[in-house]
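Data first, discussion second: the structure below is written as structure tokens.
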Amino acid sequence: MELTSTGAGQNNKSDSTVKIPMPANTVNDPLNWSKGKKLWHYAILSLWAFLANACIVWSAPVWGVWTVALNTNYTMLTYGQALLVLMCGFGILFIQPWATKYGRRLPFLFGSILILIGLVLGRMMTDIKLYFAYMIVAGFGSAPAYATINLSFLDVTFLHRRGNAISIFVLVVMVGNFLPPLAAGYIADAQGWEWCFQYLLIFFGAVTLLFLFTADESSFARNDFQARNPPVRHEIESTQTQEKQTFHQDAEKAHDPLPESEAPTPNDQPFPYLKRMTLFRYNPDVKIGYWRLAFSMFELIVLPAPTWMSIQFALGSFVVSLVLTTLATFFSEPPYNFGPSTLGLMPLALLIGAGTGTLWGGLFTDWLLLRLSKKQGGMYEPEHRLWAYLLMPFAGAGGVLLYGLGAYNGLHWIVSCLGLFLIGFYLDASTPIAMGYALDSYPDLEDEVVQLTNFLRNVICGATTFGIQPWLEYNGRRDTIIIIAVLVFVINLSSIGFQIWGKQIRTMTAERYYVLRDRSRSGHV
């Protein structure tokens, strides 16, 4: 796939970046939106996803209080957390096909309703049963915050900026996971845990209304429009026949980028307001029915890159669950004896690490992608992203060890905070790299890849979260932490195999990829 080209004419004397996907010649193509409109698109979706996450994972600092108020224990609260993650996975299975076939807005709004219902149930909690109900309903409704938002970001993003877009999504999820507990700790100390639910109902309800009236539908059937850029010159077409192309080059034909002053200006009119805010935009490019679309993602398991990415994603989510479910257990006991407000401060180190990871997995990886492409004569291969992944096994495993063993040995809390910093860096850097690799490897199956990876992540993570507390009790904290760290190191180290044999693997799976691509377009089984 050609990502950069060197101009030969007087109007194009320097290297320039080819725009993939190729935007259509219409102002209504999200790729053609103005910079301000794209920024608002990112902002409103990020705000929604942040608060959606806040609504379901804020409670770690009050678990100690809940063991008394709900007459329960940490193991049962952990089971509720596992139910939350599992239901999010099943929400992705059943809600995401709507985003693919009928537009992105409806899943967000449907999820909002379920989350608000879950918050009401949580506010009414008097026993563990209502806690489980809160986790189930809100967990199912939170699905768009993990899958639909990915597609919505990709709708307005070119390939060479994809890493940055995905890293923004991951950072939003991380901030939503770990910043709300900070506020929740202080609110619980000052006003009681019930007020946490009341504030979330107010803020999330307001953002839902803001989304309803200002967030444009970004689903767009690009194949229905004539491509904007003219065909490539003969010399570029001949270059594309060289061996260093990826197997799917015929599905994505590169085009010469025009200088901004020479780009054709669409002369059609923007969609009217009501059409931009529609809750139903049928995608004619998706021929298969809803139920077929919901379960067709499992056919992608035979493609190694999405499966590998799903495992990495699930592992990262499991590490998040490890922190969320052990924070109160580790640090509310001697020698730390932290209260809710102090426990809420602990994730700040993780958020700082996540911010650093955003730069690595986003801006640095996108820069590296362009750099390596230019060294290969403008040809891009998905494996270029994986060079930035080499640091992940060490950051992830090191963070788990410092966090867990630091607390086990009663070391100064700064040691565990350093571990949280490394965990945050690992989570926010690894996800955009791995997801970018999977999406670039099979570009015409983006919707299915996003659905599969997020479904498997939540189901695997939810299932394993059930075992965290029993595992800690059976093996002890020290041995459990060491085992998890080894798993993080070994599984992440598998990226080297894709660096070495990734191109051969994609070539071997090319026929299957084309079959799946054509089936999703035609609707034929």
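Just so it is clear, glycine is given a Cβ too, placed from its N, Cα and C backbone atoms.
What you see is a predicted model, and the numbers here were worked out from it, not measured in a lab.
The annotation transmembrane segment is assigned in TrEMBL to 39-59 (among others).
The transmembrane segment annotation in TrEMBL covers 79-99 (among others).
Among the features that TrEMBL reports, transmembrane segment is placed at 106-125 (among others).
Residues or ranges marked as transmembrane segment by TrEMBL: 131-153 (among others).
According to TrEMBL, the feature transmembrane segment maps to 165-187 (among others). Long-range Cβ contacts of the transmembrane segment (165-187) within its own chain (Cβ-Cβ under 8 Å, at least 6 residues beyond either end) map to 42, 46, 49-54, 57-62, 145-146, 149-150, 153-154, 157, 193, 195-196, 199, 320, 324, 339-345, 347-348, 350-351, 354-355, 357-359, 361-363, 365, 424, 427-429, 431-432, 435-436.
The transmembrane segment feature in TrEMBL is assigned to 199-215 (among others). Sequence-remote contacts of a segment are chain residues at least 6 beyond its ends whose Cβ falls under 8 Å from one of its Cβ atoms, and for the transmembrane segment (199-215) they are 40-41, 44-45, 47-48, 51-52, 54-55, 58, 105, 108-109, 112, 115-116, 119-120, 123, 187, 277.
If you look up TrEMBL, you'll see 234-266 marked as region 'Disordered'.
As annotated by TrEMBL, compositional bias 'Basic and acidic residues' applies to 245-258.
Positions annotated as transmembrane segment by TrEMBL: 313-331 (among others). Long-range neighbours of the transmembrane segment (313-331) within the same chain, counting only residues 6 or more positions beyond its ends whose Cβ lies under 8 Å from a Cβ of the stretch, are 57, 60-61, 63-64, 74, 77-78, 81-82, 85, 177, 338, 342-343, 346-347, 350, 396, 400, 403-404, 407-408, 413, 416, 420, 423, 426-427, 430-431, 434-435, 453-454, 456-461, 464-465, 468-469, 472, 477, 484, 487-488, 491-492.
Residues 60-61, 163-168, 170-171, 174-175, 177-179, 181-186, 323, 327-328, 331-332, 385, 388, 391, 399, 413, 416-418, 420-433, 436 of the same chain lie 6+ residues outside the transmembrane segment (343-365) yet bring a C-beta within less than 8 angstroms of a C-beta in it. The transmembrane segment annotation in TrEMBL covers 343-365 (among others).
For 386-405 (among others), the entry in TrEMBL reads transmembrane segment.
Per TrEMBL, the feature transmembrane segment maps to 411-429 (among others).
Annotation comment: TrEMBL describes 481-501 (among others) as transmembrane segment.
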* **Tertiary contacts of the transmembrane segment (39-59) (same chain, 6+ residues out, Cβ under 8 Å)** => 30, 33, 66, 84, 108, 111-112, 115, 118-119, 135, 138-139, 141-142, 144-145, 149, 152-153, 156, 165, 168-169, 172-173, 175-177, 179-181, 183-184, 193, 196, 200, 203-204, 207-208, 210-211, 214-216, 218, 324
* Asked: Cβ pairs under 8 Å with the transmembrane segment (131-153): which stretch of 79-99, 386-405, 411-429 has the most?
  -> 79-99
* Grab the same-chain neighbours of the transmembrane segment (386-405) for me: Cβ-Cβ under 8 Å, and only residues 6 or more beyond its ends, written as numbers and ranges. => 316, 319, 322-323, 326, 330, 353, 360-361, 364-365, 368, 372, 415-416, 418-427, 429-430, 433-434, 437, 477-478, 480-482, 484-486, 488-490, 492-493, 495-496, 498-499, 502
